[in-house]
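Below is one structure; the comments refer to it alone.
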């Protein structure tokens, strides 16, 4: 492993960790940054799976007490049973639609222009959602109904389009469906666990021949970096949303998306053929 390869792994690990749980699209940022630093091919597919697992481990660690309470209480506690059922209900739409459409979406939509367009549109929707008057019906994740979970699960499927943002769609969807800001954000984190682990297992099996022993060091750098920066991002976001709205992320999405479109329109960078 040369120094540049290590630097690429470090950069992409930081990008994944910082963006996975913020409503700004980690996939979109990975596509853009990977193209800029020329990190692609079979190694990139396997590498992306590894760094996503690093990010997920950060959320598992951050919410380990809640997870342990649910596991211990599952046999007897109705609250734990309802929470688990809601997660399963919210998870299933992504499973069904992911199996059906994942390859087609990856082939046709995983490019920088799609990412930029989705960033802008998602940012506008986020601003609109934040400026609406919210009527909070559900204060905590334990108070959610199965219909809330199903609606959030369906909204999560929009994130199959790169640039949309899984966390952005589920958080904003949760707010529109009457969840408090804290409940919408936390449920988005919990829903990420089965969704991302499921996607990683599916992709890992599909691309199992691309995992090679000589790439271990590259994967390790990406995994550890992603874990550390995802932990920072999760803790930072939970503190931030206690006193702020998501408007700053919406404006960032719009500005970043327009910048990408401008560089393409004026011919400064040829994004048209950029692929994940």
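Positions of Cβ are set from backbone N, Cα and C atoms, glycine also.
Taken from Swiss-Prot, the feature transmembrane segment applies to 43-63 (among others).
Cβ atoms under 8 Å from those of the transmembrane segment (85-105) belong to residues 141, 144-146, 148-150, 152-154, 156-157, 160-162, 187, 190-191, 194-195, 198-199, 202 of the same chain, restricted to positions at least 6 beyond its ends. As annotated by Swiss-Prot, transmembrane segment applies to 85-105 (among others).
Per Swiss-Prot, transmembrane segment is recorded for 109-129 (among others), and the stated evidence type is sequence analysis. Here the transmembrane segment (109-129) has Cβ contacts under 8 Å with residues 23-25, 27-28, 31-32, 35, 161-165, 168-169, 172, 175-176, 246-247, 249-254, 256-258, 260-261, 264, 271-276 of the same chain, all six or more residues outside its ends.
The transmembrane segment feature in Swiss-Prot is assigned to 183-203 (among others); the stated evidence is sequence analysis. For the transmembrane segment (183-203), same-chain residues at least 6 beyond its ends with a Cβ under 8 Å from one of its own Cβ atoms are 20-21, 45, 48-49, 52-53, 55-56, 59-60, 62-63, 66, 86-88, 90-91, 94-95, 98-99, 102, 138-141, 143-144, 149, 152-153, 156, 166-167, 170-175, 234, 237-238, 241.
The transmembrane segment feature in Swiss-Prot is assigned to 218-238 (among others). Long-range Cβ contacts of the transmembrane segment (218-238) within its own chain (Cβ-Cβ under 8 Å, at least 6 residues beyond either end) map to 1, 5-6, 9-10, 12-14, 16-22, 43, 46-47, 50-55, 57-59, 61-62, 185-186, 189.
Through the fold, the transmembrane segment (254-274) approaches residues 24, 31-32, 35, 111-113, 115-120, 123-124, 163 of its own chain, all at least 6 residues removed from its boundaries and within a Cβ separation under 8 Å. Per Swiss-Prot, the feature transmembrane segment maps to 254-274 (among others); the stated evidence is sequence analysis.
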